[in-house]
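Participant: Straight out of Swiss-Prot:
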- His189, Glu191, His277: Fe cation binding site (BINDING)
- Cys235, His241, Cys307, Cys309: Zn(2+) binding site (BINDING)
- 391-406: compositional bias 'Low complexity' (COMPBIAS)
- 430-443: compositional bias 'Basic and acidic residues' (COMPBIAS)
- 15-57: domain 'JmjN' (DOMAIN)
- 146-309: domain 'JmjC' (DOMAIN)
- 917-974: domain 'Tudor 1' (DOMAIN)
- Ser566: phosphoserine (MOD_RES)
- Lys602: N6-acetyllysine (MOD_RES)
- Thr1065: phosphothreonine (MOD_RES)
- 369-478: region 'Disordered' (REGION)
- 557-649: region 'Disordered' (REGION)
- 1037-1073: region 'Disordered' (REGION)
Amino acid sequence: MGSEDHGAQNPSCKIMTFRPTMEEFKDFNKYVAYIESQGAHRAGLAKIIPPKEWKPRQTYDDIDDVVIPAPIQQVVTGQSGLFTQYNIQKKAMTVGEYRRLANSEKYCTPRHQDFDDLERKYWKNLTFVSPIYGADISGSLYDDDVAQWNIGSLRTILDMVERECGTIIEGVNTPYLYFGMWKTTFAWHTEDMDLYSINYLHFGEPKSWYAIPPEHGKRLERLAIGFFPGSSQGCDAFLRHKMTLISPIILKKYGIPFSRITQEAGEFMITFPYGYHAGFNHGFNCAESTNFATLRWIDYGKVATQCTCRKDMVKISMDVFVRILQPERYELWKQGKDLTVLDHTRPTALTSPELSSWSASRASLKAKLLRRSHRKRSQPKKPKPEDPKFPGEGTAGAALLEEAGGSVKEEAGPEVDPEEEEEEPQPLPHGREAEGAEEDGRGKLRPTKAKSERKKKSFGLLPPQLPPPPAHFPSEEALWLPSPLEPPVLGPGPAAMEESPLPAPLNVVPPEVPSEELEAKPRPIIPMLYVVPRPGKAAFNQEHVSCQQAFEHFAQKGPTWKEPVSPMELTGPEDGAASSGAGRMETKARAGEGQAPSTFSKLKMEIKKSRRHPLGRPPTRSPLSVVKQEASSDEEASPFSGEEDVSDPDALRPLLSLQWKNRAASFQAERKFNAAAARTEPYCAICTLFYPYCQALQTEKEAPIASLGKGCPATLPSKSRQKTRPLIPEMCFTSGGENTEPLPANSYIGDDGTSPLIACGKCCLQVHASCYGIRPELVNEGWTCSRCAAHAWTAECCLCNLRGGALQMTTDRRWIHVICAIAVPEARFLNVIERHPVDISAIPEQRWKLKCVYCRKRMKKVSGACIQCSYEHCSTSFHVTCAHAAGVLMEPDDWPYVVSITCLKHKSGGHAVQLLRAVSLGQVVITKNRNGLYYRCRVIGAASQTCYEVNFDDGSYSDNLYPESITSRDCVQLGPPSEGELVELRWTDGNLYKAKFISSVTSHIYQVEFEDGSQLTVKRGDIFTLEEELPKRVRSRLSLSTGAPQEPAFSGEEAKAAKRPRVGTPLATEDSGRSQDYVAFVESLLQVQGRPGAPF
């Protein structure tokens, strides 16, 4: 098949290149099975060079006016081959404007001798001149008559997600476009659900790829966790964020096999399951990609890791694949007993008896539906809303497709053939992006829906999947029926080249574009139009609705109320349209000359492909910078007054107060303190840096037998010789000072990630062997720490004002706390494995002069070296041990930073919601009026609603479910279920679904009245009581005048358009009037204490 046989399935795991003939090129699935039979999948990446006579598009001269709705500026931070990439969304631009920008002097490709020279310049200049990437644009550049390798219509088993579940995942089973320029990057990642991906470079400059064989993917993950501990602790699958860049030099240094390859225009790249890949663009170009699957992928999908820190990551329910294609393992899999062992060397099979049976049943079902539609076309009748659409048949588990909750009103009309309906879709409503007409097949042209009107899963509006709707029926010749794998005819073939993977998707939200403008384009790029299968949930917008409308959210029954979308979820000026249009029910129908409901309306659930959201902002200062300290703004209370009761000889807090340097040195006091610390989580005097004693004491008070959950036992006796998991990442010891390159990992940590706790026989200090740099097998009963071995009974740390704890010697023969050496950026362990000596000569004079906010009044003179809060340009300074005693939050950070420090001032700001005081009716508060200024006002109404968050089996979730919707438990009487409990609930379509309970949240909304009589409905987080300290942003906009806005921020029409219409249940839809119970409910909510408009 245009390739040489590379022997026993490519044992060297090199990237292979294939050149199929036109005949071989016709069957996509068959050719993928063939290249795997040659071992291409072992590299994680393969290149396919299509036949010269094949062209996906006749010309690219007509796309300059196409809009790139949300370009992403890629800001990269880091050094020494380890980088983090952040995204900043820019304004929309056309392809023509983007081309001119990419070719401008600032962004153009630098002069270079060859690709190797260009690669060196890429890694050398990665952090300079942030490029702009036009990524994740839903649509295709293929001509509609291209059948071979059409990225919009590959017809692989991934189509089961759409055909059986009715789920559309943009960029996963639909195509995405990517416009790149020099240095635009896709970071290390595997595909969502560890799927395959295909990438075609339509035109422009080449694209360089790096790939790691799937059998070595775990090694890359372990390396990334070591250098980015902050990210890994926040999310186990943090590489799915597509923010982590690791250079080939680092990969070579740590012995991780990888290959590289360059993709030229007109070439395909295919990535394989669990194949980590990364890369960059050489200049202006355009690529198109999507995901697909084979039979081999199913086992990968069952064990794929999921991002745990974001709700909108793609998750495909594997139920349909296992039930249909692995029926013999289905029951075991449902019970969690199907132990899958992945064999990365095994090639995929082209077909199976189960797949053939499913394909045949789809063809049979389609034929029956076509016959029925012809009969119905000759006898049109008006359908009843309550009648079922039709019974679905077939082995895939057919079900009745009903009207979704009766929430879409449709006019009567003749019924049509579903195929006609697919070919001649209904025109789009006014205001929606309409770029052309798209035929069935996803990659071909059909009417489009503005992305701003699509519902993102992160908004919480995706309901569970409907019973499988037999909705999407391809033509007879398009129905995929795989043929047996025939012996290939080998030609002069695949050269094992060096590189390759596929661009990482980014966050794109297209703006609304007038339909007239786009209709003038010969071949516009077209996003997809799909139908959401259930009523959308209305979001409350405090500034766009009246008080009466706001409280309707609580009065009406049904799980449809939702908290306002946070500003962080909205990524551009077009998001107002996103709020108003998201989650609506749409029906696509056409009947003869008029618009009418079709019995075979196509219902789809839509999900977005995982994109790289701005999970954080780039750091505002370098790791070694010192912020100039301000005079009085940093005042903090001392963590311990020094007057604590010391009657309890084993109490930790009073013992700590005895360790100040201004007290007389007492070795016995240090012994007592170390012994008490050894019985307190995390039981290691060094790990406590990231788990302070105040946190451990609070945990013991609330739950005496609670453990840290990191392998630490929960009992209180001595932990010496027990193995637990250290909390200090190895990178904290290897970075700092002049260390600009990562160093080898510590060999004193076991393969299971644990290390034994060891205790000093003299001072009772307890540490992990790995944290203190001691070879475990050398520890005996009489082991002593470095300080006791040197008989330095009066030793104290030169960087802080507290005694006790784990000490090591410095290069100038002084002593230093290990935790101080870790947290002070310029300190450096010369022998990383043994954790000593410590070089502190690089600490700048400015750091020695910083004053600790906790001990500067206690100590007569400034001593030691302080660290500072990591929040932007905060100048709050403290000694490491003072901050640790005060409970300042310190966490592992990502390279090249070591420790992330959050002072109490910024920590409380981040958790302000938990500290909000209760607000009562009649209370005078301060809140923002429509004109953007803050005024005093009186609370005249209050309402609260408890909502549950649940996860459904198909990967969708709801975070605004009413307790009454759960049928398996009386939540009103018994309260919420326990976390993780499986519950049964009734959804808005009237059907019962099973889901997993996640959490319960109670939301509060208040109606306030300003001095001029105007009223507003606000959330609790937007209210400030007179007793609270007002944030600076509020104080600067606080007005003592009347709260009347100078001019309305929104006209009546704008406010009406901004509020999403609530889609009620069938009963609510039929009765448009207000019941007496509802009126009484609202009146009770709006009871006013005091006369409205009375002076405050």
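Placed from the backbone N, Cα and C atoms, the Cβ positions cover glycine too.
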Participant: Of His189, Glu191, His277, which is closest to Cys235 (Zn(2+) binding site) if I measure between C-alpha atoms? They're all binding-site residues.
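Facilitator: Closest recorded candidate to Cys235 (Zn(2+) binding site) by Cα: His189.
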Participant: Starting from each candidate's C-beta and looking 10 angstroms out, tell me which of the binding-site residues His189, His241, His277 has the most other C-beta atoms.
Facilitator: His277
Participant: Determine, to the nearest whole angstrom, how far the Cα atom of His241 (Zn(2+) binding site) is from the Cα atom of His189 (Fe cation binding site).
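Facilitator: Between the Cα atoms of His241 (Zn(2+) binding site) and His189 (Fe cation binding site), the distance comes to 8 Å.
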Participant: State the mean pLDDT for the domain 'Tudor 1' (917-974).
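Facilitator: Mean model confidence (pLDDT) across the domain 'Tudor 1' (917-974) is 85.
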Participant: Sorry to bug you, but what's the C-alpha spacing from Cys309 (Zn(2+) binding site) to His189 (Fe cation binding site), rounded to the closest Å?
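Facilitator: A Cα-Cα distance of 16 Å.
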Participant: Can you count the other CB atoms that lie within 10 A of the CB of Cys307 (Zn(2+) binding site)?
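Facilitator: Within a 10 Å radius of the Cβ of Cys307 (Zn(2+) binding site) lie 19 other Cβ atoms.
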Participant: How long is the line from the C-alpha of Glu191 (Fe cation binding site) to the C-alpha of Cys307 (Zn(2+) binding site), rounded to the nearest angstrom?
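Facilitator: That separation, Cα to Cα, works out to 12 Å.
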Participant: What is the total of other Cβ atoms whose distance to the Cβ of Cys235 (Zn(2+) binding site) is within 10 Å?
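Facilitator: By my count, 18.
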Participant: Going by DSSP assignments with H, G and I as helix and E and B as strand, what are the residue counts for the domain 'Tudor 1' (917-974)?
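Facilitator: Helix/strand/coil tally for the domain 'Tudor 1' (917-974): 7 helix, 30 strand, 21 coil.
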Participant: Round to a whole number and give the Cα-to-Cα distance in Å for the pair Cys307 (Zn(2+) binding site) and His277 (Fe cation binding site).
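Facilitator: Approximately 18 Å lies between the Cα of Cys307 (Zn(2+) binding site) and that of His277 (Fe cation binding site).
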Participant: Under the DSSP assignment, what numbers of helix, strand and coil residues are found in the domain 'JmjN' (15-57)?
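Facilitator: Helix/strand/coil tally for the domain 'JmjN' (15-57): 18 helix, 8 strand, 17 coil.
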Participant: Find, among the binding-site residues listed as Glu191, Cys309, the one whose Cβ has the highest number of other Cβ atoms within 10 Å in the structure shown.
Facilitator: Glu191
Participant: Reduce the DSSP letter at Cys235 (Zn(2+) binding site) to three states and note it down.
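Facilitator: In the DSSP reduction, Cys235 (Zn(2+) binding site) maps to coil.
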Participant: From the Cα of His277 (Fe cation binding site) across to the Cα of Cys309 (Zn(2+) binding site), what is the distance in angstrom?
Facilitator: 22
